[in-house]
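What follows is a single structure, written as structure tokens, with notes after it.
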Amino acid sequence: MQWETVIGLEIHAQLSTQSKIFSASATTFGAEPNTQASLVDLGMPGTLPVLNAEAVRMACKFGLAIDAHIAPHNIFARKNYFYPDLPKGYQTSQMDHPIVGKGHLDISLEDGTVKRIGITRAHLEEDAGKSLHEDFHGMSGIDLNRAGTPLLEIVSEPDIRSAKEAVAYVKAIHALVRYLGICDGNMAEGSLRCDCNVSVRPKGQAEFGTRAEIKNVNSFRFIEKAINHEVQRQIELIEDGGQVVQETRLYDPNKDQTRSMRSKEEANDYRYFPCPDLLPVVIEQSFLDEVRASLPELPVQKRERFEAQFGLSAYDATVLAASREMADYFEAVNSVCGDAKLAANWVMGELSSLLNKDNLEIDQSPVSAEQLGGMILRIKDNTISGKIAKMVFEALAAGEGATADEVIEKKGLKQVTDSGAIEAMLDEVLAANAEQVEQYRASDEAKRGKMFGFFVGQAMKASKGKANPGQVNELLKKKLES
Amino acid sequence: MSMHELTLRQIASGLANKDFSATELTQSLLARIQAVDPQLNSFITVTEELALSQAKSADERRAAGENGALLGAPIAHKDLFCTRNVLTSCASKILSGFKAPYDATVVEKLAAAGTVTLGKLNMDEFAMGSANESSHFGPVKNPWDLTRVPGGSSGGSAAAVAARLIPAATGTDTGGSIRQPAALTNLTGLKPTYGRVSRWGMIAYASSLDQGGPLARNAEDCALLLQAMAGFDPKDSTSVDQPLDDYLAALSQPLAGLRIGLPREYFGAGLDARIGEKVLGVVEELKKLGATVKEISLPNMQHAIPAYYVIAPAEASSNLSRFDGVRFGYRCENPVNLEDLYKRSRGEGFGTEVKRRIMVGTYALSAGYYDAYYIKAQQIRRLIKNDFVAAFNEVDLIIGPTTPNLAWKIGEKNADPVSAYLEDIYTITANLAGIPGLSMPAGFVDGLPVGVQLLAPYFQEARLLNVAHQYQQVTEWHTQAPTGF
């Protein structure tokens, strides 16, 4: 049977406010346990929450960026359950009246198409602390530094159809929150965490299958692996005559498998009710207007501008706009070389694979935008061919020169455009391959086309790649036809 | 007149005239508490050292030229106001040994005004009760009859002030917990408008209903205390940023033209007729002072008790979750695992009435019941509020009994919690609507005090105090002291 995967994601983005959502404690990662926990964070009797306005502003930024309705009247509710790192015995969250309503985000898929993913809602809530189970001789330690850190929980519609789409969506959210400056996106530190709701159904069936929720998958790679594993598990289960049960599962990256954490029956009744210590949050239009005016150019707008202004393809524009840093780099290259197509090709091609290979972020690139732009100028003015440019690029990456010109000069990579010299070189090549020349001349048009490439290859080889390819083509044709 | 018989206002002039020092006054009252309180059990903690140091500092401030109305005034706090480094127990075993690391805003404000804290007062556990019988530290006795309850939950506050151990005290009122004990002990007690007094540091019972306020021997002293307690607090999101009235200045306003409403629902079945007569006696007196009277209706009052006993326990069930044996207070012996730690710490730490309300509240918020209970109760709450808003279009003040019955015998209602819940019938509507209410002495029946309740529109505490004060200028009920105290 053909199966279709249905995925919805819940992403928790830690907002990069200076202080916690309901207290004045700092939110810095990695401090000594319990040094960033105030009376409020400790859940001391008699303490009360006061909402951090900056967290509200950040949530509004996100809402506006995904074209969502911002609730002018939204309400904090208590989610009640007992856990040692949840000091009050409830998490202050939003339930029936979230701050951000329905919106959407466009993601680019590998085949170059763009897909729109619905976002059901996004709401503000406080993070819990951490339980530490090591180094306490059979007991557990509690660190409440993280308790009260503001989170924006972003809930997608079940619009995602594969693990790859899921990753593309999380990457798009990741890029967006970083564009907006509302989350540092550091997944290793838990600043962006993902719960995946996964189900399968026979292709063509309208109803959804029973879903399992995989908790806390914390890297792009694990998201893909966890989902693929879970999909496989569910399909095998059903094909063996079993049934998927609604449950929460944990992904174990070491074993690459998911295991059951709790079933629906074991799930808590959270007894949500409006938090009586906090008044409803009222958001006025003037505030929203002000937030809107403060928004940076967003990935979607940037993508559209890249298409319109530079004539880039939708795919190229999407990839380049996906991260603010990459977009800035691309624009810097373009401003030097004045050729957006070439700039895009180089940034997405050689530069990206270089960065991937060495696991670097673009702001750590060994080749600066100015260097790359300068090199592209030399391609454009025929000083070097594209092929030679790759050598120049590698040399720049290896620090073998401050500019492309310096590398070209030092290594003698300047392209040969003197047609006399090229002709002489071609004559030698043809003489050395007299038999092939005979065959060529005896062949029909179709066959000649194929053989022509052979001569070009030989010629480029003979010139060590430095001969201008356009001229080589032109002169070679002339000589063979004559 | 002995020092312990003085009101706050008399103490202020005594201190100003140097008849005695704050230290002398404090020493005298501490000795009296030690001698007398064993009969009443009104104090959980006596803070002798703190009191003497605060008194000394008050004397020094006065010597330096300060002359505040509360500078050197001895008071005590209900034991749910957090007091730095002093046991703050909510009269519960679960807060055994809990010394709060900070002062409640009310405590801080009163200390800044120069009050001297003599101790922490007994109460119903977590303010859940109307008789002060649910305290882990034992019941409080009514100084008017030691076999009877003083009311609750601010029963320790009421008993201590009524017995002249202290001139005034703080209390809190979630469903009548200031007004009802004031009525049963012949005191004046005020529940301010919700949001008028900061809840920061006041350990929550039902957050949307809780409000701190003063209990004292007369309206003037309540005005003095409220002036220092009230005001906007940025640490409490539900506190209201609105200027304070000058409560003392408002006391002398004449009552001519005051429109009083008598809600017929307050004089129906269930009311001890003798209490009803006393209330009408007060109304007659107010008429002499220039008030006009008309009958009004608050038609949704009959739904108030069920609504209250859904909302308050629902909020309590969540508010009390933090008492889990993990970070502070009582923890059971040798827990075998996390669940055991929770179950036994809470099972052993909370008393019966608290557990009852946690269970009621948990049930009311459960999936499948939430709409039928919690949402419905909130709808009723809105109707009750609307009733008051409509009534206050016609009248300036509403008057009725504070309680349906006189102080009952200790233990009398233990077997039937609902009969005790019904004692709140006249007071809880003010909490549900958020309006201010005051109870003041209205006379005696069988030697036991009767209270009359005044209700006013939002933020009209000044009006309540004014009417009570004017009444107290022409009557003597509030000056009566229990025999032997």
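The backbone N, Cα and C atoms fix where each Cβ goes, glycine too.
Caution: TrEMBL annotation is automatic and unverified by curators.
TrEMBL lists B:24-465 with the feature domain 'Amidase'.
All protein chains shown were included, and the count of other CB atoms within 10 Å of the CB of B:K78 (active site, charge relay system) stands at 30. The active site, charge relay system annotation in TrEMBL covers B:K78 (among others).
The number of other CB atoms found within 10 A of the CB of B:S153 (active site, charge relay system), across every protein chain shown, is 35. What TrEMBL lists as active site, charge relay system is B:S153 (among others).
When Cβ atoms from all protein chains are considered, those within 10 Å of B:S177 (active site, acyl-ester intermediate) total 36, not counting its own. The active site, acyl-ester intermediate annotation in TrEMBL covers B:S177.
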Between B:K78 (active site, charge relay system) and B:S153 (active site, charge relay system), the C-alpha gap once rounded to whole angstrom: 9
Distance from B:S153 (active site, charge relay system) back to B:S177 (active site, acyl-ester intermediate), taken between C-alpha atoms, in Å: 5
Predicted model, mean pLDDT over the domain 'Amidase' (B:24-465): 97
